[in-house]
């Protein structure tokens, strides 16, 4: 029996160096994880770079790691480990789902996994954060710089006078490392204060206190009486209570729900800026941060001042005189003190000009009779709803046809004698709503008319529409109040996100950024719920005032922003085609501006049935006169369309008559899409008579048009006749080919019958051979049984022969012993005794003869048995 051959496998090649021997990185290309652990015991900061030699990401990150190692090799030990070789300990002990993987260790603490971009500047920044997780704050100015950063700050106060390491310092130090382990973006910044006077600036009195700074909300002190003072608890408390006014987004490039999860939270402002994490100053980022802080600062009474803008207002160092001046200004500018307002656009009731009455309705508790100072910490939706009810009951008093003045009116609430509502209205042209901060308009010194319960009053200050406050109150030098707290005064609150344009510019291009720009700065607002997004004009510089206007234009109910539609960049118009390819930018020009009848096909690349209609539309375009008709198509997956022209079914065919473009007609879905039906559909909807009577010149033009149609149709008929003759010739050639194919088919049929007969003969012969084989097989089985019987008989005979040999040998031994006994007896007898031979001697002789005869007989019998 033959055994199955064993599988032959080629062993893996031995690994080679992944990093250069001259590199500052120790390359353990055989996966010596145990040796890496020994190296870690002797170093304070260690970076492990786990890689796979075949991985493209590992190869790309190799240069970045070498660059970081060349800068930090004197402070950090860099170790690269091949975790793919199957004989190495790293492959046996570690089970990674992706490569490369970076782990950092700070002495015995770790591993801290780095999940950020595989860029040298980002890796170096993270390594430096692990090296120095705490920032030493030695003075009041450094404290201001630390708290002014947009990232949340955690400050610990420890007195180092009593001992080298005060109680709780190591715990606070470890909590900083825990934050880096849980949040690889490093959004939490940890600082330590050792000076009591500096600590008092943020109300820290006792050593070991921990302070969490927040810009728009109240700052917190770690509750040691409620929570245990452990590193995990401090880190968890800081992460849960931190304030994220603006957040970095860093997609890793693979499949991820990062963008989807963030955009589902609501409208998002995505800002793309070139960012270098190692740079000491970021002017553009500071300006964006300032806008974000003002946007989220809902409580204006706690608005920060320039000198102490990042200190707690409850601290003793806060300047009370500045606060009093601010409160006096708020009392004067009473409408903005309580930011509970709503923008209202009154319906257009006149057709003289395309203007609208825009009003801002505010709940005002500072006018009229009031018992004491009333505090309204939050905007109550019941109050604003009541204000809207009262406003719409008196909306006829706010209508203006055309007016350059802003009229403000106060009217009493129906629910409280101490609450008043203020409405400031003006007429606004739709094209005037795109405001630019640097542009000076006629509203710089507006005429304001203020009325209270129907009585005119003169007030120096008033609130116009929210977008134009920078034009009206510039003289007050409080332009920062334009956007302050806007996130709490609108139901279109924006979430602010930052992206590094050096890494993620492809997302900006997908949103509408120019590919040819050299300055990679871009901003866009994405609203997934409304399925729209708006793009900031790239001709404007990305500065704070531009962002403020962009945010304010989006926040108002009557938004002037124009929805950005994505265009297909792959369409080129250098060649003239029979069917016009329409994109987002050419849709209006091709369909509405053109004076031709337009037949538009909605299609998609994945739509198979759409592709089957191409030849029909090509024939249709050749039949229709190009001077009067345009056959076009648009890819709806690559181009965005206005709402009124969107469809959920493909393919969709729309016809736009040249005189009634707004009255587009859809091709019936129950009709089959073919050339005759399309021609009937087009001729029916393009030949509708106009309501105006046709003059002599009109008839002449119509006759000329008809003659042109007739001549065009005659040319098409001539083309069809030539095509028919060509088809006839092709038909004759096809007939000849078909006859030849038929003859070939008959020949193949005959060969098939012959082969079938041969197959039957072979099948009979095979059956005969099978019968003969069965017969011979039976005979062989019988002969095998007989041979088995003979073998058993032969075995029995052999056993008997062996027994007989044993018996003969035993008998011969007995006879030999008797002969030996007789010889001594005969030697003792003498000759006289021979003469007198007794009868006993004769008897013994006779006995011996008888014994010999018996032995001879037995011998012959045994010989006969052996012969048999």
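Numbering starts at 1 and runs along the chain as it is shown here.
Any Cβ shown, glycine's included, is placed from N, Cα and C.
These come from TrEMBL:
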- 710-807: coiled coil (COILED)
- 813-825: compositional bias 'Basic and acidic residues' (COMPBIAS)
- 826-844: compositional bias 'Polar residues' (COMPBIAS)
- 847-868: compositional bias 'Basic and acidic residues' (COMPBIAS)
- 14-132: domain 'Thioredoxin' (DOMAIN)
- 564-687: domain 'Thioredoxin' (DOMAIN)
- 813-868: region 'Disordered' (REGION)
For the domain 'Thioredoxin' (564-687), mean pLDDT (0 to 100): 80
Composition by DSSP (helix, strand, coil) of residues within the compositional bias 'Basic and acidic residues' (813-825): 13 helix, 0 strand, 0 coil
Residues of the domain 'Thioredoxin' (564-687) by DSSP state, where helix covers H, G and I: 39 helix, 24 strand, 61 coil
Helix-strand-coil residue split for the domain 'Thioredoxin' (14-132), DSSP-based: 43 helix, 28 strand, 48 coil
